[in-house]
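Participant: Sending over a structure as structure tokens; questions will come in a sec.
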Amino acid sequence: MQLKRVAEANLPTPWGDFLMVGFEEVATGQDHVALVFGDISGQTPVLARVHSECLTGDALFSLRCDCGFQLEAALSQIAEEGRGILLYHRQEGRNIGLLNKIRAYALQDQGYDTVEANHQLGFAADERDFTLCADMFKLLGVDEVRLLTNNPRKVEILTEAGINIVERVSLIVGRNPKNEHYLDTKAAKMGHLLSE
């Protein structure tokens with residue numbers, strides 16, 4: 001187990017009250033958070049979203065990506081379902097970090113797509129480690145999920161890590177003129193499924 005569960009508290013939101021559970025990576029001390037809505041115990045698979053940190057989209061309302069739109073839609077869907085989990089995966093910019101993400105944005109402004117920009121900076125298209133999320137699910141006592149994602153790689157990695165993904169639930173929101181090239185690149189070069 002790469003993580004330990006270290007803290008929890010109630011978190012009221014516009015969609016209802018979630019339980020916020022804090023985790024810490026044993027090796028690095030990096031923190032991650034789960035937002036739990038309702039009773040997630042039992043045999044019924046849990047609706048869940050693994051949401052990677054995106055300061056620009058989640059908190060600064062950037063239109064360059066669909067992250068903030070996905071975060072809001074996922075919390076809303078989980079609350080409507082009456083139970084579910086959002087894992088807030090603290091790997092900013094597909095795990096290249098905030099400053100490198102800003103550098104990647106500058107390269108995108110020069111005409112590179114999101115994958116090419118990462119490569120120009122010496123990174124893979126996606127540096128994230130989703131096995132940490134499997135540990136979070138296990139520490140929450142969940143092993144069967146209906147995963148809110150457009151990314152088949154998340155499904156593969158979580159499945160390989162022992163989480164039974166019984167259904168992939170599309171989360172297609174937030175397309176706009178500022179991010180359509182970004183989304184098209186994610187579909188063409190990273191295999192994201194962006195049509196219903």
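Going from the start of the chain as shown, residues are counted 1 onward.
Each Cβ is built from the backbone N, Cα and C atoms, and glycine gets one as well.
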Participant: Of GLN43, GLN70, GLN120, which one shares the GTP site with ARG49, VAL50, HIS51, SER52, GLU53, GLU92, GLY93, ARG94, THR114, THR149, LYS154 in Swiss-Prot?
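Facilitator: For the GTP site that includes ARG49, VAL50, HIS51, SER52, GLU53, GLU92, GLY93, ARG94, THR114, THR149, LYS154, Swiss-Prot also lists GLN70.
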Participant: For the Zn(2+) site that Swiss-Prot assigns to CYS65, CYS67, which of the candidates CYS54, CYS133 is also assigned?
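Facilitator: Checking CYS54, CYS133 against Swiss-Prot: the Zn(2+) site match is CYS54.
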Participant: Consider the recorded positions CYS65, CYS67, ASP126, ARG128 and say which one has the Cα lying nearest the Cα of GLU53 (GTP binding site).
Facilitator: CYS67
Participant: In sequence order, what residues of the same chain, 6+ apart, have a Cβ less than 8 Å from the Cβ of HIS51 (GTP binding site)?
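Facilitator: For HIS51 (GTP binding site), the qualifying residues are CYS67, GLN70, LEU71, ALA74, LEU86, LEU87, TYR88, HIS89.
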Participant: So which binding-site residues out of ARG49, CYS54, CYS65 end up within 10 angstroms of ARG128 (active site, nucleophile), measuring C-alpha to C-alpha?
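Facilitator: Close binding-site residues: none.
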Participant: How far is it from GLU92 (GTP binding site) to ASP126 (active site, proton acceptor), counting Cα to Cα, in Å?
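Facilitator: So the Cα of ASP126 (active site, proton acceptor) lies 11 Å away from that of GLU92 (GTP binding site).
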Participant: Roughly how many Å separate the Cα of ASP126 (active site, proton acceptor) from that of CYS54 (Zn(2+) binding site), to the nearest whole number?
Facilitator: 14
